[in-house]
Amino acid sequence: MWWFQQGLSFLPASLVVWSAASFVFSYITAIVLHHVDPLVPYISDTGTIPPERCLFGIMLNISAFLGVATMYVRYKQVCALNPEKSKIIKLNKIGLTLGLISCFGLCIIANFQKSVLYYVHVVGACLTFGVGAIYMLVQTVLSYLMQPEIHSKDVFWIRLTVLLWCSSSIASMFVSSLVLYSGLYGTNLVQKLHWDPEEKGYTAHIISTVSEWSLAFSFLSFFLTYIRDFQKISLRAVVSLHGRTLYNTPQSFVADEQTLLTAGSI
């Protein structure tokens, strides 16, 4: 049995591989069609012009779905491992809520392009990576609370390291973006897709774009730490029929009740 066939480990693996592919494929398409500069453009710029915009949107929507599934499984796993620890249970619910908000933000990024509705796109980015960073923090705290009984200390330190990587990328991108869009280097830079290395503001632009790529891959790297945990969990749906037919009549209700009584369900 391959490692990705164990438990539900394919979920975080699929999330990371698919999301990374959505960035890389849209980047390659945009470069081939000369829509952006080859040297570290903004991720959003690689999904601004068709046809890469269509590819970018479709793939990120699927990433959001995979993110919801991964975060829900993580939530159920923590619940099952800590059924009587109220502190962990509360933090776990908060983490799930933050994770779902982050995935919703990813849908906004996918469907509201930077060149069309810039401020809506920025809100989506803040929800995805800002709220997502808080989700990572909550999961890191949960890892701290669950070690060494549930898992080793190494898992906590790895997640803490990735969290610090993510936080430093956010800080770097925030500061460089403030400098870049402060008005010192011109206006309407949001729509600018091609940069000359001799232009003013080019250094701030490069720092900002490198920070964005670093942020995206630090975010994805956090879910790689779920793979080993997910090898030890499986979920299944239980089907419970309330009758032998789908009719909604009084006579059917009587028959259904008799059926259930016979089966010992009431």
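Here, residue 1 is simply the first one shown, and the rest follow in order.
Just so you know, glycine gets a Cβ as well, placed from its N, Cα and C.
Per TrEMBL, the feature domain 'CWH43-like N-terminal' maps to 8-233. Under the heading transmembrane segment, TrEMBL lists 12-35, 55-73, 94-112, 118-145, 157-182, 202-227.
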Stretch contact, the transmembrane segment (118-145) with the transmembrane segment (12-35), Cβ-Cβ under 8 Å, 3+ pairs: no
Most Cβ pairs under 8 Å with the transmembrane segment (202-227), selected from 12-35, 55-73, 94-112: 12-35
Residue numbers, six or more beyond the limits of the transmembrane segment (12-35), whose CB comes under 8 Å of its CB atoms: 4, 41, 43, 45-49, 51-53, 55-56, 59-60, 62-63, 66-67, 70, 193, 213, 216-217, 220-221, 223-224, 226-227, 230
